[in-house]
Amino acid sequence: MSIFSTRYLVTPFSSFSPPKAFVSKACSLSTGQPLNYSPNISTNIISSSNGIINPIRRSGNYEPTMWNYEYIQSTHNHHVGEKYMKRFNELKAEMKKHLMMMLHEESQELEKLELIDNLQRLGVSYHFKDEIIQILRSIHDQSSSEATSANSLYYTALKFRILRQHGFYISQDILNDFKDEQGHFKQSLCKDTKGLLQLYEASFLSTKSETSTLLESANTFAMSHLKNYLNGGDEENNWMVKLVRHALEVPLHCMMLRVETRWYIDIYENIPNANPLLIELAKLDFNFVQAMHQQELRNLSRWWKKSMLAEKLPFARDRIVEAFQWITGMIFESQENEFCRIMLTKVTAMATVIDDIYDVYGTLDELEIFTHAIQRMEIKAMDELPHYMKLCYLALFNTSSEIAYQVLKEQGINIMPYLTKSWADLSKSYLQEARWYYSGYTPSLDEYMENAWISVGSLVMVVNAFFLVTNPITKEVLEYLFSNKYPDIIRWPATIIRLTDDLATSSNEMKRGDVPKSIQCYMKENGASEEEARKHINLMIKETWKMINTAQHDNSLFCEKFMGCAVNIARTGQTIYQHGDGHGIQNYKIQNRISKLFFEPITISMP
């Protein structure tokens, strides 16, 4: 149902006769006693022996969290400390000096671009933002004096990608030099693996406003020959094989930044002529950021335990670490963003629990009441709610109030109505899907997506992020953000998450009982096979990235920091769903990725 979704498990069997033990346990819900949860039972309204009508619930069969309270509290990174910080500051100063020297060198554009690319992929470019922008501006404003490099596919595609990533206009027409008289890419490029890889990565920076299909043909051409390269085998250049395979799985433009950093640190060490000081800088920075994240996770796990949501609502997923992963995907850097990450993780954890209330536990009547209460967002609305919903509702109210208090204190603006609207829109989308389920209705793909981009859950995360990272918050930008339709920079990233979620989880969810997803909607509407539907959804993802690229340039009212959060959540979603349901169900690849991000420091040898 959402980025936190698994399936609907509420099934209204009319002839089901439950065991007596299940009846007695369900009765506690109507009497207001603590919830005594019974797994693996279907929802049906029945009468107990005392005449009270009680809904029999069904479990999501969720596995316990992999990362419990005791484990999180025990985490510690031993590769941080005074001597590590001293070395890091030395390397950082040296890199700043090197970048400023490069700025004043008119030549060596390729070297400049390669260094900037490596700084980004190694996760340390945020330390050198000003220097990088100055260098790129100089490259953009003057033509290169390196004629041989300028004529290479590798250089041209790298330049195109790096400049576009940083908001500099550069026409795709510069790639026309690599086409023959028939308008096809030259066959002489087929063996230029480095150039093809850069061309492939550059092709994902296309926008919807570009009418030419040049970048699309570049993508097709590069992908085909990169696949041929992998099939041919290249035992001498194992690092290049890994780079190509990695890019074909998830392009760099669509990859969660922090995951890319951890992966690329290991790869970069094996690339010929790798800069050993840059490797050391990246490892030190990764460990410092990881230690900061560990401290935040310890604080969050204490909050989560004190909330008692996992204990009192055992049907819901206990996923505080996974929630934190979403947020570090949005904004990982700098201790000044700690409050933002803490609060957005709370928002994500709340959205997970609320999603499970709609997906797994609540009856349709209860969900109607719950939706109305969320639209009101006031304490007295709790009186209308079933007992098991009260704790969740109050936790939601407190979380929103904490964020609203901070913004009111700092900027004098009451944002509670805006936060309420985002939660109300989310709950209404959940309710719509519940109604579809109970009526057996399969919407068209367009109708499904109009609701599903909201029900995926990222809306509340991005709206809360806006208020936490934007200063000052102007009346103009508020009106734009909360107009009749949310801006594209919120809608399109949510669409990416919804579609990648559906691709990763749809088959299992439909087997276990759920509302139709985008795949099933397309299949029914077009009489298509599942394979054809999946191909269409992948095409939709590709086109949606063009919409995101366009929105990045069109939404000038928003600050750079917020724009980064909005785009990064799309990258995070695509990465989290790369190997399955990265939020709800963890296989080895997903567990290993989270462990490397938060719990396994990189070993560094210090004198």
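Every residue, even glycine, has its Cβ placed from backbone N, Cα and C.
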Choose the correct range: of 85-89, 95-99, 355-359, 515-519, which one does Swiss-Prot annotate as motif 'DDXXD motif'? Give that range. 355-359
Further (2E)-geranyl diphosphate ligand in Swiss-Prot, beside ASP355, ASP359, ARG498, ASP501, within candidate set ARG302, ARG317, ARG376, ARG534: ARG317
For the C-alpha pair, I'd like the distance in angstrom between ARG317 ((2E)-geranyl diphosphate binding site) and THR505 (Mg(2+) 3 binding site), rounded off. 16
State, in Å as a whole number, the widest CA to CA span among the (2E)-geranyl diphosphate-binding residues ARG317, ASP355, ASP359, ARG498, ASP501 given in the record. 19
For THR505 (Mg(2+) 3 binding site) and ASP359 ((2E)-geranyl diphosphate binding site), the CA-to-CA distance in whole Å is 14
Measure the Cβ-based neighbour count of ARG317 ((2E)-geranyl diphosphate binding site), defined as the other Cβ atoms within 10 Å of its Cβ. 26
Count the residues of the motif 'DDXXD motif' (355-359) that DSSP assigns to helix (H, G, I), to strand (E, B) and to coil, and report the three numbers in that order. 5 helix, 0 strand, 0 coil
